Structures are given as structure tokens and as C-alpha cells.
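Enquirer: Input: one structure, supplied below.
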């Protein structure tokens, strides 16, 4: 049985990369302001992901960076299921046994996850953990499971079996063996928390890059658009298929090339379909969502990818202040209505299909 696990040098490949300053548009004054101000930068590590924060303000201090780190560590300790003593870790440990008290922050994220599960026909489902663990994509034990094992785990995936009690601040999983996995939404929440902190402290221009979640806070110094490069699937990091000018937006991508393994000549990626128990198969390489709230974008990109191009486009169009870029295995690029004439395709390997 031939098997190859593909992982990046250190973490999963970032689906969205910041375009080089030399690609930046706008007037000369805006370009000059950006080029002469070196960002204050710091790197963190939570949710098994590298987080990079760049703040374009000389008033950003080590104390500020340390306070951001404390916020991230708090979220990690609440919602990272890989930590057995985290709140979500305890919820999973007590599946089918008892409700677990959680913080307002964890309750907020789980409520939002359940909301998106309900409006997406469970294309996004926070109870997907048993399937994720069974396949082990990204680990050294990744392998195609037996159909019997898949069927057993599928029976544990149902967001409706997650019971929240806001009055008592508890969450309970109704069946033993259930697992909440907030990986597709908690990173977005963390990006939002970072941005809220920076704004509270008076900072106006920053880039938050959290494992594929990019939050472009405010405008560039000087008032111009940030120009965000959209990663070309299947190519080295930094190769862009196009550029998206944005102000005060979050850009989140779900892509098959982030984590996968190959077995007997077939690729199996990490984006799982709870209905089939297999990786989503919709002839897509990636879906990038652009919106105002990173937590929302995280869930929307996951759901849109699972829907596929046609239903996914319709789903995104129905969401307020949300747009998306769909990239297919045939290298077709589909844009929702609000990105037409805005997104700039720069790669001759891809073509706009609508």
C-alpha cells in the first residue's frame, strides 16, 4: 500500500498570502506611507498554528504584544480540543455523561457554530471530530479507514446532539464518543479578538495572519487598500492566482492543498463530509470567503466548500456582507457578485468562469 503524507515545512500552507508591497496600487502618497513605516511584528503559536501580527504604528510596544499573547493563550485554553483540560476538551471527555460549565467566550463560539450548522444543512458541523480523528489527516498515522469504522463514526456526527444551556453556562454532548471540533471557527474568533484589542488601544492599521485566516484591519497607512494575494493552489507559498484589494475585511480560505495524504495514488484531504465520512469531493481546490467577521468567514468557507460551486455560490450570496472566490480542479475561478470587477486575476494558469 503506497502512502505519502504531505505537510508543509512547519505548519499547514497559508491559503492567503499578503501581496508584496511592490504590487500595491493606490497613489504615490499611499505607497510612500506604507513603504516608510516598518510594521511592528510578533509571532505566536496557538491551535497548532503560527500566528503573525503586524501593526503599522510605532506606538505598538512589547506590552501590547504580550497582552495579545495572553488573549490567545486564554482562547487556546478554552477551545483547543487537543488540550484535555481545555473547556472543549472537558466537554468531549464528558460526552454522553454530563454537561460541562464553560466560559462566555466558549459559549459564544459554540452557539455561532451551531447557527452555521443549522443554516448550512450541516455542511459546516462542529461535531465532525470523530471523522477527523479517524482519518488522521496531517498526522503520521493518516490512512483510509475501513467502511465499518467510517459508519461507526458517522453515527456520532450530528450537531443537533450538542445541547447548550445558556442559563447555566453548560454544554453537553448527548452521545458517548462525540467530539466537538472548533478548528474551523475558533481561529477566526481569535483573529476577531485580536482586532478588537488593537482597536481598543487606538491602533488603526494591522494585518493579522492566523493559519490561513487573514484579517486586514482598517486601511493601509495613508488610507489605501490592502492588496491581499490569493494563494495559487498546488504551488509554492507566495505564488498568487490573483489579488484582492480590501479595507477592514477578513479573508479566509478552505483548501484541499493545506493538509492531505496520498494512498495508492489517490489524494485524501482534511476537509471532511460528515454525511459520507470521506473527504469532501466537489471538484474544488479552494474557497476563499471575504467578509467583516473572521469567525463567520471561517464557518462560511467550510460550508461553501462542502456545498460545491453552484450551491456554495448561492449560499454565500444569501449571507449578509459576504463574498467568495471558488477555484475548481479545472482551474476555473468563480466569483460571487460583489467581487466581479474587484478581484484581479494575475495567473495565466487560471481563468474567470463567470
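Backbone N, Cα and C atoms are what each Cβ position is placed from, and that goes for glycine too.
Residues annotated as Mg(2+) binding site in TrEMBL: 184, 298, 302. According to TrEMBL, the signal peptide annotation covers 1-21.
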Enquirer: Applying the rule Cβ within 8 Å of the centroid of the Cβ atoms of 184, 298, 302, what extra residues of the same chain belong around the Mg(2+) site?
Expert: 124, 183, 185, 188, 252, 254, 299, 300, 301, 303
Enquirer: Please list, in sequence order, the residues in the chain of residue 302 (Mg(2+) binding site) that are at least six apart in sequence and whose C-beta is under 8 Å away from its C-beta.
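Expert: Result: 123, 124, 184, 185, 254, 271.
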Enquirer: Just counting, how many other CB atoms are there within 10 A of the CB of residue 298 (Mg(2+) binding site)?
Expert: 34
Enquirer: According to DSSP, collapsed to three classes, what secondary structure does residue 302 (Mg(2+) binding site) have?
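Expert: For residue 302 (Mg(2+) binding site) - judged by DSSP and reduced to three states - the answer is helix.
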